[in-house]
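Novice: Here it is: the structure, laid out below.
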Amino acid sequence: MAPVATTFLPTASNEATLRPSFVRDEDERPRVAYNQFSDAVPVISLQGIDEAARAEIRARVAGACEEWGIFQVVDHGVDAGLVADMARLARDFFALPPEDKLRFDMSGGKKGGFIVSSHLQGEAVKDWREIVTYFSYPVKSRDYSRWPDKPAGWRAVVEQYSERLMGLACKLLGVLSEAMGLDTNALADACVDMDQKVVVNFYPKCPQPDLTLGLKRHTDPGTITLLLQDLVGGLQATRDAGKTWITVQPIPGSFVVNLGDHAHYLSNGRFKNADHQAVVNSDCCRLSIATFQNPAPDAMVYPLAVRDGEEPILEEPITFAEMYRRKMARDLELAKLKKKAKEQRQLQQAALPPPPPTQVAAELAAQKPKSLDEILA
C-alpha cells in the first residue's frame, strides 16, 4: 500500500485550485451545469411488469433504448430500506480517515478495493472522484479480503443489494429480449454466466468544477448498468455524439438504467449504448452506486436479431473478453495520441519568439479606449 502522505485524496483536499493532473482540455470540459436538469430521459414505472402492463412497459423501454440507451425506472420492487442502507454505508465509508480507505488500495493490478479516479491504467487525466469497487457475481468471484470491513454491516447489506439488483437487471433484459422478438431469456442466456461488478462513486466538492469531470465521457462495455444516485445531480447524457448534453433529473426512489456496448451489439445497433459522463460542483458532494451486469468473459458477442434490410454490425463473433480488450486498447491509444498532440502544441508555443516591442506597443495602442472626441467625431 502506498503511504498515506503520498496519496492525494480529493475528499481530504482543501486546495483552492485543481492539480494539473485533473485539468481537462477545453473540448472535454462540462458545458451544462450539474443542476441544470432536463426531463428528456424517459421515466418508466415497472408497476405491473409481470401482468397486464407488460406490453406497454416493453414498448416504452424499447423506445427509450432506441432513442437514448438510457432511462429511469420507478416502482421497481427493490426495497427502499435496503437502498437507504446501501447509500448510508457508502457515505460512511468515504467519510473514513484516509488510512482506513487506503488499506483496500487497488492500485498495482489488485482486483477490487479503493482507488482515486479510475481503475483503468494509463489515463492521461484523472477524474475528480474516489471509488470503491467489488465483484459480486458469480458468487465464486467474491474476494472478501478486498471488500471493506468498515463501516459495520457492509458485507451483509451489499450482498443483499447485489442480489436484488441482479434480479431487476434480468427482468429488464427479459423485456428487451421480447422487444427484439426473442424468447424472454435470450439476452440473459447470451451472457452465459452473468458477471456483476459494483462501483461506488463519491464525487467530493471541487474547487474548479468547470475545468474537470467527475467521470469522463464513455459508454459502458457490458450489457446493462443500474445506477443509484442521490439528488444532487451530475449525471449527463448525449444522443448526438457530444454536440449537446443534458443533465439527468434525479428522481427519489429511482434507478437510472444504461445500456452498454454488449447490448448494443446483441441488438444489432437497434438499441443505443448510453453515451454519458459525470460532472462535479463546488457546493456539495455527490454519491452514486453503479451496478454493472456483464457477460462472462468467454461469452460470444454477435447480433441475436438482424431485421429485414439490415446487415450485422459485427463482421464475426468475438468473445466479450476480446471485445473489452479492443475497447480499452482503442480508448487508451486515443488518450495517448491526444496527450502527445497537446505536448507538441505546448512545445511549439514555447519555441515561438516573443513579439518585438514595436508590435506590442502597436497592439496596446489599438486596445486603448477612445477619447470622447474620437467617439463623437
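Placement of Cβ uses the backbone N, Cα and C atoms for every residue, glycine included.
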Novice: According to Swiss-Prot, which of these ranges is region 'Disordered': 105-143, 339-377?
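Specialist: Spelled out, Swiss-Prot records region 'Disordered' over residues 339-377, not the other listed ranges.
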Novice: If you count the C-beta atoms lying within 10 Å of each candidate's C-beta, which of the binding-site residues His218, His276, Arg286 ends up with the smallest number?
Specialist: His218
Novice: Can you list, in sequence order, the residues of the same chain other than His218, Asp220, His276 whose CB lies within 8 Å of the CB centroid of the Fe cation site?
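Specialist: So the additional residues around the site are Leu215, Arg217, Thr219, Thr225, Asn258, Gly260, Asn273, Ala274, Asp275, Gln277.
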Novice: If I take the alpha carbons of His218 (Fe cation binding site) and Arg286 (2-oxoglutarate binding site), what is the distance between them in whole Å?
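Specialist: The separation of the Cα atoms works out to 19 Å.
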Novice: To the nearest whole angstrom, state the Cα distance for the pair His276 (Fe cation binding site) and Arg286 (2-oxoglutarate binding site).
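Specialist: Distance between the two Cα atoms comes out at 16 Å.
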